[in-house]
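So the structure is just underneath, and the comments pick up after that.
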Amino acid sequence: MDALVTPLNTCLRVESHDDNLERSDVEAAFRTIIRWAGDDPDRPGLAETPSRMSRAFEEFFSGYRQDPVQILQKTFEEIEGYDEMVMLRGIPFESHCEHHLAPIIGRAWVAYVPRGRVVGISKLARVVDAYAKRLQIQEKMTAQIANAIESALQPKGVGVIIKATHHCMTTRGVHKPDTDLVTSRMLGCFRDNPIKRQEFLSLID
Ligand SMILES: Nc1nc2c(ncn2[C@@H]2O[C@H](COP(=O)(O)OP(=O)(O)OP(=O)(O)O)[C@@H](O)[C@H]2O)c(=O)[nH]1
Ligand SMILES: [Zn+2]
């Protein structure tokens, strides 16, 4: 079997809920899109493009093959009673909007107040990517990240803020290039305690 066939087929079979899709089906769909755009998918410059696009989509949507709660399973408990906020700031991500499949390019600020255990900080960035690499709307992605941290770590509070530019608003449609969308989800002490919430917000730049 072609080495390239396995990962995409695994992705599509497991995550798309369509057992019949093969890479050749995906490439045929991209050939159709190229024809729809007005070009010839058989001209030399485009001959490999459907294959490249299938691999690009495999990367864009690799988050369907990841379990964010599982990513957060490994924790460290020797923290000498540390119970203040832990915050990873400005995590860059690339996603795609579920309406146009246009890029969403942004950053996430992720904070939590631990309850007896902490997680490796890279895992917070991995959780952001696991949700970003799916078809998204920003509000849902923001909530998913916070919910996964709450579910896996059961901390005293979780805060997530995302700022992102939506290419469906900048390169098409309404064409507003210098806009960004800001979304937040606050749980536990970040929702209930104005001082904790303010501490989190004061560290957003
Ligand atoms: N709330 C929200 N809306 C989004 C997000 N990403 C894209 N959108 C919006 O989704 C909407 C889809 O609107 P539709 O009217 O169905 O699609 P459309 O005709 O292509 O809309 P226009 O973008 O206005 O041309 C647009 O207003 C987009 O700006 C997101 O993450 N959150
Ligand atoms: Zn869009």
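All positions are counted from 1 along the displayed chain.
A Cβ is built for glycine as well, from the same backbone N, Cα and C atoms used for every other residue.
The 10 Å shell around the Cβ of His100 (Zn(2+) binding site) contains 14 further Cβ atoms across the protein chains shown. Feature annotation from TrEMBL assigns Zn(2+) binding site to Cys97, His100, Cys168.
Marked as domain 'GTP cyclohydrolase I' by TrEMBL: 27-204.
Classification of Cys97 (Zn(2+) binding site) by DSSP places it within a strand. Here the Cβ of Cys97 (Zn(2+) binding site) has 18 other Cβ atoms within 10 Å, regardless of which shown protein chain they belong to.
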